[in-house]
Amino acid sequence: MARIVQKYGGTSVGSVERIQHVASRIERAVQAGNELVVVVSAMGKSTDELVSLANQITDTPSKREMDMLLTTGEQVTISLLSMALQARGIDAISLTGWQAGMKTEASHGNARIEAINNERMEAELAQGKVVIVAGFQGISEDGEITTLGRGGSDTTAVALAASLKASRCDIYTDVEGVYTTDPRYVKKARKLHSISYDEMLEMANLGAGVLHPRAVEFAKNYDVPLMVASSMEDTVGTMIEEEVTMEQNLIIRGIAFENDVTKVTVSGLPNRLNTLSKLFTTLSENQVNVDIIIQNQYDDKHVNISFSITQSSLKETLAVLQEAQEELQFEDVTFEEELAKVSIVGSGMVSNPGVAAKMFDVLAKNEIFVKMVSTSEIKVSVVVDEADMVLAVEMLHEEFQLAEETEEAAVTV
Ligand code: ADP
Ligand code: ASP
Ligand code: MG
């Protein structure tokens, strides 16, 4: 008997019919002799709808009350799915995050899982029940309900799989697996047979919303075999694993992208040893999350520093900088909105110089201006105008031959 954790996302449980469909899939897995723990998200777009309700009340809802509100979404799904299973004669029980022993740090909106107390789940499983757990939620030491960040049900599922020593964790969603890039934007995107934990982690962090980054981190740290597959079709999905054997020689595995990027430039800063540290300490002390940083010196005494942030943190960032202008001694702040970040990801890059050059060449040929660049061993990211984002992804997908299977895709640069 195998112990399996399955997770179904919002679209996959978006209606009563879809919940019934999920129930029939669970029924099949139970009849095949498996022990099942199932994590579900809120139905359809209901988390967004709850956020919108809060915004109709106030622009500044307290984070605690937001968590209280958003966690209700998952609670609707767990109870309905449990009922659907019981109606089929399958013994099932729904558990909220705290009933399932999901302990998190005491912070609202984006809490990290600290520990899982399996006792209740083990007891229910021992009685032969299917355990249905609400994704994306937990409880802090002081008894407060917390959430794990948008998309966090994936993390609930992988963390449970690790903690319950499940033989695997299957993430069922509205696409057939992890693709070379988002198939909703690029028609030629190709489903990958497998992708390494590190590549998937980069893709997820760089905007590929198919998996929550912390879910991948957990899977890597605890060696959880992770699969992404369709909740609608019975097709083979994508394995996320340590060694990628099938497509080893791919230099670029995929392209991730995200919009809502804003570039802020602080100009006329004094050219001193501690300028960078003072600026970024000020920003971090005020919880401003900075991504790419560029510094350039324009005369002996002055430097300009540009950095990218998310669109939603612009107001706060400008306020922090204005407040600190005297202390930081800069002349001016400007910003550029409606930008996007496009990233090519692949572990083959480490040993293949020239990948970034090829990327810049493709973008230049298509008259796409690059405004910022950042690289790591396995990725190159560029910031471009949001209006150029999809074209950039399509052209890079084409030039790096990502639509083609394995060997042919081992492009030389
Ligand atoms: P769920 O509700 O099941 O968690 P999500 O919307 O969070 O589903 O994630 C699935 C979506 O991720 C897909 O519909 C797709 O648009 C998007 N996506 C982004 N990048 C990729 C990628 N590389 N491969 C597959 N899907 C991707
Ligand atoms: N319902 C939450 C969200 O929409 C969590 C999740 O779906 O993973 O972000
Ligand atoms: Mg998701």
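Indices start at 1 and increase along the chain as displayed.
Note that Cβ sites are derived from N, Cα and C of the backbone, with glycine treated the same way.
Feature annotations, courtesy of TrEMBL:
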BINDING   Lys7, Tyr8, Gly9, Gly10, Thr173, Asp174, Tyr179, Arg184  ATP binding site
BINDING   Thr47, Glu74  substrate binding site
DOMAIN    264-347  domain 'ACT'
Those residues of the chain, 6+ apart, with a Cβ under 8 Å from that of Asp174 (ATP binding site): Gly9, Thr11, Ser12, Ser230, Ser231, Met232
Distance, Glu74 (substrate binding site) to Tyr179 (ATP binding site) (CA atoms, angstrom): 27
Among Tyr8, Gly10, Thr47, the binding-site residues whose C-beta sits under 6 Å from ligand 2: Gly10, Thr47
Lowest local Cβ density (other Cβ within 10 Å) among binding-site residues: Lys7, Arg184: Arg184
Those binding-site residues in Gly9, Gly10, Asp174, Tyr179, Arg184 whose CB falls under 6 A of ligand 3, listed in sequence order: Gly9
For ATP: widest Cα to Cα gap among Lys7, Tyr8, Gly9, Gly10, Thr173, Asp174, Tyr179, Arg184 in Å: 21
Which same-chain residues, if any, lie at least 6 apart from Thr47 (substrate binding site) yet have Cβ under 8 Å of it: Gly10, Ser41, Leu70, Gly73, Arg150
Integer Cα-Cα distance in angstrom, Tyr8 (ATP binding site) to Glu74 (substrate binding site): 11
